[in-house]
Each structure stands twice: as C-alpha cells, then as structure tokens.
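Pulled from Swiss-Prot, these are the features on record:
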type: BINDING; residues: Gly19, Pro20, Thr21, Ala22, Ser23, Gly24, Lys25, Ser26; note: ATP binding site
type: BINDING; residues: Thr21, Ala22, Ser23, Gly24, Lys25, Ser26; note: substrate binding site
type: REGION; residues: 44-47; note: region 'Interaction with substrate tRNA'
type: REGION; residues: 168-172; note: region 'Interaction with substrate tRNA'
type: SITE; residues: Thr110; note: site 'Interaction with substrate tRNA'
type: SITE; residues: Arg132; note: site 'Interaction with substrate tRNA'
Amino acid sequence: MAVSVLEQGNGPQAVLIAGPTASGKSALAMALAERLTGTVLNADSMQVYGDLRVLTARPTVAEAARVPHGLYGHVDADTDYSVGRWLADATAALAAAREQGLLPIFVGGTGLYFRALTQGLAEIPPVPETVRREVRGTAEGLDSLALHARLADMDPQSAARLQPNDRQRVLRALEVITATGRSLSDWQKDAPRPVLDASRCVRLVLEVDRAVLRQRIDARFEAMMAEGALEEVRALAARRLDPSRTVLKAHGAPALTRHLAGEMTLDDAIAEGQSDTRRYAKRQETFFRHQMADWPRATPEAALDALLGMIRPHAR
C-alpha cells in the first residue's frame, strides 16, 4: 500500500536520484514512487526529446502507466532546449506535484540539472545563432585538447574547471565568452536563489561496479536494437534536422546514422554506440565525484532501503 509522505507532515521538498547511465535509476524511482505516492520527474537531458524513446531509455508506456511521470518526451527534436528551459519546466512540475499531494522524485544522469535545481542558475543572455555557428564551425577542425586550449586562452577561469573531453561544456563556455565578453564562471556566480534547498531534499547517487556497469550498458544497447532503436534513428534522419541539434548526439545515434548512410556495418555501429555510452558513463561518474561529493552513495541493491531510511526523519 502506498503511503503519502507529504500528507504525514514535513516531508522532504523532493527526492533527487542521480547516477550513471544504465545504473537502474528509473526502476528505483518508480519503486519509490509506488511506495510513497510520488511522481517521477526526468532529469536527463536526452530523455526530454520525444523522438528517441527507445534509444534514450525513456520509460516504456507500461512503466509510465505505473506511476505519474513528468518532463519526458515533451520537447521536439528540432528545438534548442537549455538547462534554463529545463529548470523552468521542472519548477512548474514541482508546483503541480505539490498541488496533487505527490512526492517529487527527480531522476536522471544530467548533473547540471541537479546543480541548477539545488544551486540556482545564472540568467546568461542568449547566445546569438551567428556566434553559435561561428564557434562551432571553428571547433569542427579542432580536437578536444586544442579546443580546450582555445578556451584557456579566452577564458582561463572556465577552462580550469572543465575537462578537455567535456566538449559540449567547453563549447558552451566559448560561446558565452565570445557573445558576452564575460566568463561563464563569472555569470554563474550571479545565480539566484535555487528552486530547492538541498538540505531539505533527500539526495542519492547510485554507484555501480565498473565491470558490472559495462556489462549493463552493452546488454541494454543490444536490447534497444531489438526494440526498434534503428528504426527510431531512421525516422529521425528522415527529418533532415540541422546537424547541431542536441538530439542527434544521443548515444548511439551518430553511429547508427552512419550505418544507415552505408558508411559502416551494423555490428560496427553497435560496438561504437556501446563504447560511446561507456565513455559517457565515465564522464558522469567524474562529475558526480567532483561536483556532487556531498551526496550519499548506495548500490542499486541497497538504494531503496537507503532512500526510505533518509526520508523517514524528514516525515516526522
């Protein structure tokens, strides 16, 4: 029988569940939502898009029917969707959950979303499309180390806190310094009061043994292929979107697109998609280790009990 934590009194503002891809976050969030009358809210930057349900591992129709879900698949692929837009949507979803008496359970692997929720997000002026194209056009001829060196010349403050292989964030910092003449780090210091008070939230990072996670990633990619991932990518490619659109960078999508164009075999595309996903998981773990060091950790097997144990003191 489900129990409403919010009806019992001073429950947590929200539950925040982070972890690398394929770590079992979604299943954990659904189990918790069933136990505590919650709603599962997406905190993954690829699962916001409606076009790649299978390839981005969004909840299935059956899973979504088990408990309320929000912030999944609500964005068209031909859309620029920023952290700021997600935060605005998340704020509205929080208000709706509270009105309905549901415990908000944010789950995902995008660390920047969790940071925006609990630390605030600076109101950085939008980057003009001309600047974006200029920066990304220049970047096409540079490897990650050279691109990072370019950022270090223009914005050493941001370069010092970004890894060279975090190419998207390096590009973002270059766009901001080029468009505004001000470091992204300086803009971020002006962040307003956050939507959530971290001390009043129950937070958890899932930790999975590296070898086990590798096996789970590879097996899940194979399962995605069996469930129609290639057909999803074929339909997306038929839309002929601007190559800079974020959804086209979903893990596995570039390799499968090249396969459809006759540039590589299906086996090679699958292997590349698996390898790309494993590299992404490592980057996620690095972010969690450095940027979310004060969050409690738990294995997938112990996570539900750990969360329930942390929630009880809030509900007294």
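A Cβ is built for glycine as well, from the same backbone N, Cα and C atoms used for every other residue.
For the binding-site residues listed here (Gly19, Gly24), the lowest count of other CB atoms within 10 A around the CB belongs to Gly24.
Taking the mean position of the Cβ atoms of Thr21, Ala22, Ser23, Gly24, Lys25, Ser26 as the substrate site, the remaining same-chain residues with a Cβ inside 8 Å of that point are Gly19, Pro20, Ala27, Ala57, Gly109, Leu206, Arg216, Pro300. DSSP assigns Thr21 (ATP binding site) to coil in the three-state reduction, outside any helix or strand. If you count neighbouring Cβ atoms within 10 Å for each of the recorded positions Lys25, Arg132, the highest count belongs to Lys25. Its Cβ placed at the centre, Ser23 (ATP binding site) has 26 other Cβ atoms within 10 Å. For the region 'Interaction with substrate tRNA' (44-47), DSSP puts the residue distribution at 0 helix, 0 strand, 4 coil. Across the structure, Gly24 (ATP binding site) and Thr110 (site 'Interaction with substrate tRNA') place their CA atoms 15 angstrom apart. The least crowded of the recorded positions Ser26, Thr110, judged by other CB atoms within 10 A of its own CB, is Thr110. Under a cutoff of 8 A between CB atoms, and with a sequence separation of 6+ in the same chain, the neighbours of Pro20 (ATP binding site) are Gly109, Leu206, Val208, Leu213, Ala281, Gln284, Glu285, Phe288. Under the three-state DSSP scheme, Thr110 (site 'Interaction with substrate tRNA') falls in the coil class.
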